[in-house]
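A quick write-up on the structure given underneath.
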Amino acid sequence: MNSKNIILILLAIALVFPLFAGPYFVNVLTTIFVFLALSLSWDMMLRTGQLSFGTAAFFGLGAYASAITVLKLGWNPLFSIVIGGLFAGLISYILGYAVLKLREIYFSITTLAITSVFSVIIRNMSDLTGGAGGATFKSAIFNGDPTKIYYLLLFLTLVVIGISEWFKRSKIHFAINSIRNDEVTAKSSGIDVFKYLLLVFVITSIIQGVIGAVYAQQYAFVEPESTFSLNFLLLPIAMALVGGIYSTNGPIIGAFILGIISEYLKLIIPYGHLIVYGLIIVIVVLYMPSGIYKTVKGKMLTNNGRRESYDHT
Amino acid sequence: MSFSIKENKTILFALAFIIIVGFWQPNVLMDGIQRGSMYAVIALPLALVLGILGVLNLAHGEFLTVGLYISYMFYNRFNLDPLLSIIPVSIILLVFGGLIYLLTVKRVIKEGHLNQLLLTFGISMILLEGVKMIWTTRPRNVFTDYAYASASIGEFSFGTYGLIYLLIAVLVLVFLQLFLKKTRLGQATFAVGQNPKGARIVGINVNLVYLFVFSISIAILGIVGGAMLPRTAIFPAVGSPYSLKSFALAAMAGLGNLNGILFAGIILGIGEAIINAIPGYSGWADLVFFGVLIIVILTRAFREAR
């Protein structure tokens, strides 16, 4: 069975899943899509060699932009999701324009800072945002129908996967790879490094903003504490690291593995279950640069003797 | 020590700013100095690790949290005064920092920034969540009478406890300068900071220097933790904002400029104190450091572009 067939089968399962699964499982899979899209967008930025800690920030920004357009302006929720994405994109453009000239530590630290910056701003602009107490909508999108929300997120996730694959096949991919491997060479072969980095940063921020907007509309609720939660930063990173970075498959596999495990972790460790993701990050960085999934799979295959190790001659 | 004309100008501007604030609102100046020297003494060890090891420790603030909680534990279990607990806490953190270095940071020291940042971010999460698991999220307080002592000069009265940070900052600075100039290990540290490859060639045990610098930097956070406890309500995320603030100060002062950090800290502290003093806008004070960070980044980018 080749990989094309596997993809088609998985897609078919995803399409009919809500027809036979209960609302709990539909909800679990919906949440997995949310984190999958975030994880993939984080990885897309990482492929340029820039480590972003801003996923939760743009997620929250999109959520709030969408909430405000619905609550204060009374716009259509679906349209407000577009606004959420565009607003996150706009802010990321301004921010990227300022800091992407220096990159590396400066970029990482700025993206790490903006989560708290945005949440301070939102806490203090209480007339517009509801302040620290947050704001509740009259009703969730699609009147809270889990199946419709599931299909919306499935659609968005497929779009994100599409963007990620398009990145890999277009000339952007080659530009990005050359930036990561050797920036000086990239510059001297005429690649406008700054332009490509800004483009990728804006696109990934739009993705995070859109997903945040959908999440806000799904739960009909925004609040600084939970909307800018560490979850939306830590989990996507851990997922990409589990599945393997610099690829489309990695974050997808990681999102499914950790998405299911996280449901149990919340029950087993009520205080501080995020420690597991911290441990995952440390272990992967130190011991398994190709990701936990690939490392374990590789070990199992060699143990069964199906794959010979190359240095065993 | 020699300053270029440009640096002199910046310092003159800053001094003028401090004097104007002092005449306008002495409380704000006093609050700013106390707050700022606290930031500075927290930022010093981060700058030291960044300068010598080249590693930006994103778990810096969480190590401070650990220091605060251990100091609280000494107070709670053995009724030990927080200021006295500085001694055992800094020793515990010295060992703890050394262990963390040997187990993790040591392995990424030759790798790129990306792995270093990811690793220390992971460590920060482990420490943060570990603190939550052990002590839960309930805020805790310590009461000591000296923490609320005050003094007055003429009409103007102020809380004196915060001046302890200035004292600690100056002591740590003097100690570090003496150490770097006078002792063999200090000179070796200085050499490694200048050029690790060269230092290795002339026979300096670079790994030992790294271990030493990292452990000492965490131990300094233990000192700060004990000193902070009497005036700080502690909760698991209490130290987290300090990683970013410390980096902002280190970037503002410039790499390797340890004295500049005290100065930068006091400027940042006064900036925050001014915003805090404006009625209705005190919530925005947390953004001052971010403004500073962006300004520093833009000036760097501008200078590099030329």
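Cβ coordinates are placed from backbone N, Cα and C, and glycine is handled just like the others.
Long-range Cβ contacts of the transmembrane segment (A:6-39) within its own chain (Cβ-Cβ under 8 Å, at least 6 residues beyond either end) map to 55, 59, 146-147, 149-151, 153-154, 156-157, 160, 207-208, 211, 214-215, 218, 232, 235-237, 239-240, 251-252, 254-256, 258-260, 263. Taken from TrEMBL, the feature transmembrane segment applies to A:6-39 (among others).
If you look up TrEMBL, you'll see A:51-71 (among others) marked as transmembrane segment.
According to TrEMBL, the feature transmembrane segment maps to A:77-98 (among others). Remote same-chain partners of the transmembrane segment (A:77-98), defined as residues 6 or more beyond its termini with a Cβ less than 8 Å from a stretch Cβ, comprise 54, 58, 61-63, 65-67, 69-70, 110, 114, 141, 197-198, 201-203, 205-210, 212-214, 216-217.
TrEMBL lists A:105-122 (among others) with the feature transmembrane segment.
The transmembrane segment annotation in TrEMBL covers A:149-167 (among others).
Per TrEMBL, transmembrane segment is recorded for A:196-216 (among others). Counting residues 6+ beyond its ends, the transmembrane segment (A:196-216) has Cβ neighbours under 8 Å at 34, 37-38, 40-42, 44-45, 47-48, 50, 52, 54-55, 58-67, 80-89, 91-93, 96-97, 100, 103, 141, 149, 152-153, 156, 160, 163, 167, 172, 175-176, 179, 222, 227, 232 in the same chain.
Residues 35-36, 38-43, 46, 53, 55-57, 59-60, 115-116, 118-119, 122, 212, 251-255, 257-259, 262, 274, 277-278, 280-281, 284-285, 290-294 of the same chain sit 6 or more residues outside the transmembrane segment (A:228-245) yet have a Cβ under 8 Å from a Cβ within it. Residues or ranges marked as transmembrane segment in TrEMBL: A:228-245 (among others).
Annotation comment: TrEMBL describes A:275-293 (among others) as transmembrane segment.
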Contact set, same chain, for the transmembrane segment (A:105-122): CB under 8 Å, 6 or more residues outside the stretch: 50-54, 56-57, 60-61, 64, 95, 99, 129, 131, 224-225, 228, 233
Distant-in-sequence neighbours of the transmembrane segment (A:51-71), which means Cβ under 8 A and at least six residues beyond its ends: 38, 41-42, 45, 77, 79-81, 83-88, 91-92, 107-108, 111-112, 114-115, 117-119, 122, 128-129, 135, 137, 201, 204-205, 208-213, 215-217, 222, 224, 227-233, 236-237
Long-range environment of the transmembrane segment (A:275-293) - Cβ separation under 8 angstroms, sequence gap at least 6: 234-235, 237-238, 241-245, 250, 253-254, 257-258, 265, 269
